[in-house]
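The block underneath contains the structure these notes are about, expressed in structure tokens.
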């Protein structure tokens, strides 16, 4: 019996040793030297082939059952909208004069907004054109055929029994390494050595974190990467935005103070590098942040500042209003466009619905997180251009590169009511239409 126990102990020790060697060779060393072995690319190709096969199975199953067309199963809209602008709708009906029928136009727009408005749609998970064998669908597509059901169940076993434990272990290792390394590096005196060590620690830990996502991150136009003393602005979909960008370069972060695990990571990073954190609810902090940003970009030897001007996470389909604060301080703006591939998993974090732990669980049980990052040419504010128009110009460039729609709304509407200024703007637009056509002065009513 004792010999058997010793034999089992030796076997377990060998398995553990082999596992450690594979972990160091396949995960740790590539992360330290920031090289790719091509494993994630190969894995993603296999998943894509599986999606293509599943789509064919769904199409065949729907045709056989004749229950409903595939287009109805994957419909991306609730109602059919009339996108005719107010100017054409009102002016075209009664030649611009005041009409009681105009009330119906505003009533129709109000009903459309209640059913499905542009803002609320930006804070919901992105709709998919085909099922990705995850549970995020209202249609029971896994019942279409027994083959598809078998693949779906196999996928669940792979994601929860194989990928999830590996990703959790790697995530815990990355966080512990970051906490330990930043604590050690934080004891060094300020200088070049501390700065270099800090940068290496953050990039290695960020690269390990990206390995947890199991998907390749494609960086484009690296010649436009943000330079020291500049301001990097990007659209915001997920907390992983920071992780992904930090794996390819070092930044000083500007953002909201968080609690829990995110807060712990923020505090550890503050020990080795300078970041600007603030409470969103405190107005005094905003002025202080603006002052710190000015001081930071004045020193061309400091790391570029990373800012997400939307102020909240948007669902990977649109770019909402950029806050003007980061465009008032001057300096060079380095736009960055980030676009996730929704087929492999939902990267969007709806912070009003999901906690950090729930969101992390959803990400770690997805197939992968695949992302494209475009570094865009630097931009500066033109003469006689105010911060608002400069922010709009940068936003338009980012949205165009990422293939997203541009929306004028404030991302703060996720938590707040519509400002009175937005309502007044629509009222003024309608009044301008009526006044320009002379109906008010002449007293015409249609």
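Each residue, glycine too, has its Cβ placed from N, Cα and C.
Nobody curates TrEMBL annotations by hand; they come from automatic prediction.
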Please find, within the list 126-146, 147-167, 168-188, 189-209, the residue stretch that TrEMBL describes as transmembrane segment.
168-188
Can you identify, from 20-44, 45-69, the stretch that TrEMBL calls transmembrane segment?
20-44
Under DSSP, the domain 'Phospholipid/glycerol acyltransferase' (230-341) has how many residues in helix, strand and coil?
38 helix, 25 strand, 49 coil
